[in-house]
């Protein structure tokens with residue numbers, strides 16, 4: 001997998017307001033990944049009040065994660081149509097409303113629809129646009145920026161889990177959900193930060209249709225599915241998602257069943273978070289080194305294998321000391337996976353196709369999330385044994401890492417030897433034009449990506465002049481458009 005698509009013009013600014021965007025992305029990533037896991041602190045209270053089993057209750061987190069990933073294509077289309085900032089503002093309101101409504105739930109089904117569907121959709125409408133905007137601001141420092149943004153997940157996980165436990169003890173699960181709903185309104189503030197990079201001049205939206213009545217732009221570029229590097233990455237993410245989140249979701253209840261006090265059990269997720277906080281930025285900086293960046297796919301594979309082996313070797317951990325040791329090893333490998341996963345995708349498909357590729361990959365991951373954690377919860381209810389769950393989860397994640405390494409070495413060797421961004425002759429001009437439109441339309445009216453618009457304005461023969469005439473309308477000077 002190459003190091004990314006070709007540079008066009010001066011490229012992203014790699015700083016400036018990008019650091020504010022990075023901070024907002026840090027917060028959004030923390031909520032998106034930390035919130036579904038932190039909600040597991042309330043599972044025992046929910047099981048008691050609703051008389052449900054663990055597998056039924058675990059669907060709350062699973063639906064939330066499934067919405068986060070499964071609505072990726074929808075988020076890509078909305079960002080292309082309306083821009084990042086409006087989508088994120090609406091997403092923050094939806095995420096907050098979901099948890100507030102969940103505090104009044106009287107049945108598990110109502111929790112599925114509020115905390116699961118509504119909050120998950122709101123988090124999705126924040127998560128993907130923030131990553132797209134981060135890619136517009138960083139290129140040379142992109143691995144480091146991705147690592148720092150990904151560090152939001154462990155920071156928020158280490159804070160939200162003990163916070164959830166305290167809210168549960170003082171206000172019950174209903175009061176806890178209500179207060180967490182208010183906390184999610186911070187996503188709206190993060191959305192307000194997402195202004196596009198300044199460009200040389202305004203560029204109007206191309207919402208008009210040609211005389212034939214068909215729109216000129218592609219809201220979602222599915223042609224990326226034909227890319228071998230994308231196919232390998234998508235399959236790797238599917239295998240990974242089957243088992244990667246299972247240990248973190250089951251950890252607190254696993255420790256409680258082993259006799260660990262509730263407060264100490266909740267602190268185990270904080271241990272994972274503390275290690276993860278250090279691992280993600282460090283791994284991002286490491287991946288940005290000139291010698292390692294071309295081989296980031298192998299580094300990602302190594303992280304997956306290490307995470308799988310950690311699950312396999314710790315399946316019999318029952319003492320609190322052994323569980324803490326597991327959390328340290330798990331947090332290290334989990335942090336490496338989190339820091340590298342989107343950098344690998346950007347390197348595989350290039351920044352122009354990244355919005356569409358990200359949406360499709362998240363959809364694939366959603367399918368795996370709907371299979372993995374609920375199945376693990378059902379096995380726990382049936383077998384009353386966590387050991388086999390850790391074995392299955394570890395095997396799936398390790399297999400994903402092995403597949404990624406082998407496929408990158410064998411199947412993608414020619415792609416790696418090809419200069420980054422080079423494509424087959426005569427087969428990609430239309431796709432690249434659509435990708436450029438997706439990238440540009442993610443920015444609100446009146447802004448452009450710096451240094452890359454002039455080359456992207458050069459169309460295939462006969463396409464843009466007609467478009468300019470349509471936009472200008474009768475009796476208007478085309479240059480004024």
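Each residue, glycine too, has its Cβ placed from N, Cα and C.
The feature transmembrane segment, as given by TrEMBL for the ranges 320-342, 412-434, sits at 320-342. For the transmembrane segment (354-376), the list of distant contacts is 55, 58-59, 61-62, 65-77, 79-80, 124, 128, 131-132, 135, 220-222, 224-225, 230, 233-234, 237-243, 245-246, 249-250, 342, 345-346, 348, 389, 392-393, 396, 435, 438-439, 442: same-chain residues at least six beyond its ends, Cβ to Cβ under 8 Å.
Put simply, of 87-105, 111-137, 388-407, the stretch with the most CB pairs closer than 8 A to the transmembrane segment (17-39) is 111-137. Below 8 angstroms of C-beta separation, residues 34, 37-38, 141-148, 150-151, 153-159, 161-162, 248, 251-252, 255, 260, 296, 299, 303, 323-324, 327-328, 330-332, 334-336, 338-340, 343 of the same chain, each at least six residues beyond the ends of the transmembrane segment (267-289), sit close to that stretch. Taking Cβ pairs closer than 8 Å, the transmembrane segment (238-255) reaches residues 36-37, 40-41, 43-44, 54, 58, 61, 65, 69, 161, 264-266, 268-269, 272, 304, 307-308, 311, 320, 323, 327, 330, 334, 337, 364-365, 367-369, 371-373, 376-377, 380, 386, 389-390, 392-397, 399-401, 403 in its own chain, all 6 or more past its ends.
Contact count against the transmembrane segment (111-137) (Cβ pairs under 8 Å) is highest for 87-105, out of 59-80, 87-105, 296-314, 388-407.
Among residues of the same chain six or more beyond the transmembrane segment (59-80), those with a C-beta under 8 A of the stretch's C-beta atoms are 32, 35-37, 39-40, 43, 46, 87, 108, 111-112, 115-117, 119-121, 123-125, 127-129, 132, 217, 219-220, 241, 245, 249, 355-356, 358-367, 369-370, 373-374, 377, 437-438, 441-442.
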